[in-house]
Every structure is written in structure tokens, then in C-alpha cells.
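Enquirer: The feature heme binding site is assigned by Swiss-Prot to Tyr128, Arg148, His173, Tyr175, Lys209, with similarity to another entry given as support. Per Swiss-Prot, the feature domain 'CRAL-TRIO' maps to 100-266.
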Amino acid sequence: MKFENDNEKQVFDKLSRSLGNIIETKCDGYDELYGHKICKEIGSADEVQQYYNEDIAQSLLFKLCKAYQFNYDEIVTHLVKILKWRKKFNPLSCAFKETHNKELEDVGILTWYPEEEPNKRVVTWNLYGKLVKKKELFKDVQKFLRYRIGLMEKGIQLLNFQDEENCYMTQVHDYKTVSVWRMDSDMKSCVKEVINTFQTYYPELLYAKYFVNVPSVFAWAYDIIKTFVDENTRKKFVVLNDGKKLGKYLKQCPGDQFGGSSKSTIFEQNVKKVKPTAYASYLLERQEIEDVE
């Protein structure tokens, strides 16, 4: 953690001191962020001993401070919103309990590039070209959202919040073969809901977003997406009309499809088995017991 001035450090310290009270009084006691326990004042002594990692907790709090420019009131407002949403929506269930439509799972890919540049090691891919004739998959916005959140949560498990070189994710949106397609109202609703959800509940996690194979869909895809995001996020966007130019930015991506050094296909690179954190597993198991009772 690097503070630019004394004020930033003071805001961070104030948040750390107030966290227990904030969670207890404003978040219904829900103490989990991205699969990690963030407060040592909540829960039993055994839970704290087993699942609380101070370095990770502080790194996550620092991300929140950075996301909201070290404005204490803004940070608290968004932290409360995020934790209450996580308790209600249960994104850990999306990733590690629920079964999603197989056709959707073929569109969302997760890759791990250990030798890649900092914060380009965990990459989520959205292969929109595979959905050209599958518009029915967008009819149920909530089903689509839960699938996409599940992919996001799995990707987060591959991050290391104690490592500044692997504490952000990269995304790729591939629009190959989508040139004659038009975004209907159902897809617009899904795209808007996903973007709004990521903006609101996953701050300071995106390192870069690449839009590839987009010459003819630029107007309706990229421009629409830009409308839904803030300026800081837009600065992380890179648009490539040729998919093979992606290899310049992600050197370990598939060579045949994206110009990288790998001989594997994107589907062969797909990381399908991701383990939740010990704390996430504990919460999911506890939920199962509560559901049975």
C-alpha cells in the first residue's frame, strides 16, 4: 500500500478503526468481500483465527479507499452497499454452487498467464461471436447476470491481494463474426446490468479491457458500453479491429486466434476448476446447513 499523503493514511486508518461498527450496524453483520474475511472484530475467536488475514483485509480496504479517492463518507456508503448486495445476491453461490447454462459457459472463458506482465495474468474472456444465434440466452437478465458474476468471482480467486503485480484483472471482449448482428433490447438489458453491477460492486479490480475484432460493431457495442462507465474506467479500454493484434498486449494468449505465443486454443487455456477461499467454503457450507434447518 502506498499513500500519497498523510490525509490518505488518516482516512484509511479511520476506516480500519470504524469497520467493525460499520459492518455490525449497517451491513447486518455481513463480513465477506471477494471470499475474504475483512474484519477481526466480527465473528467468533475461532473464525478470526482461521479465516482473517490482516494483510489481505487491509489490501481490500485500501482498494476501496483508492476507488473513491479517499473520501471517507463515499467509501463507507459504497462499502455498505457492496456488503449488503453480497449478502443478498450471494455471488459466491454463483461461482461455486450454481449450475449455469452450458452455452453461456462456452462463451465466458477464464485464463491464467503466470508469465504475463503485472495484472495481466488473470483474464476473463467474453466470446460474443458464439452468441450470434443464441439471443434467447439474454431473455432472462438475472440468469445471465448470475452466470457472469460467477465467472468474475472465479477470476477473483486467482488474484493475490498481497501482490501488487497480481491484484487486478484484465478482460477481453471478442466480437468476431458479430459484424452483421444488431444488439436487440434483451442483450442491451443484459450488457447494461452487467456493466452497472461491475461498476457498483467490483471497484478497483479492472486493470485493462480489450475490445477485439470490432470494426463493424464499434458503433453499437463499444459506444453503448462507454455510455455506462465512468471516465477512469474508459481510460482502461483498448479497441483493436484485428484480433491478432491482441498478442502485443497479452503475449501468452493463443497465437492462431489472437496473435500470442501460445499454441493452445482459448478453450484449451480455459481454467475450469477454481477453488474458493477457505472462508468462502466455510460460508457456503454454513449456508447449506442453514437452508436444511
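Keep in mind that glycine also has a Cβ here, set from the backbone N, Cα and C atoms.
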Enquirer: So if I measure Cβ to Cβ from Lys209 (heme binding site) and keep only same-chain residues at least 6 apart in sequence, which ones fall under 8 Å?
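Expert: Long-range Cβ contacts: Thr170, Gln171, Val172, His173, Thr233, Lys236, Phe237, Val238.
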Enquirer: In the three-state scheme derived from DSSP, which category covers Lys209 (heme binding site)?
Expert: strand
Enquirer: Which has the fewest other Cβ atoms within 10 Å: Arg148, His173, the binding-site residues listed?
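Expert: Minimum Cβ neighbour count within 10 Å, taken over the binding-site residues Arg148, His173, occurs at His173.
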Enquirer: What does DSSP assign Tyr128 (heme binding site), in three states?
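Expert: The three-state answer is helix.
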Enquirer: Based on the record's binding annotation for heme (Tyr128, Arg148, His173, Tyr175, Lys209), what whole-number value in Å is the widest Cα to Cα distance?
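Expert: Comparing all Cα pairs, the maximum is 17 Å.
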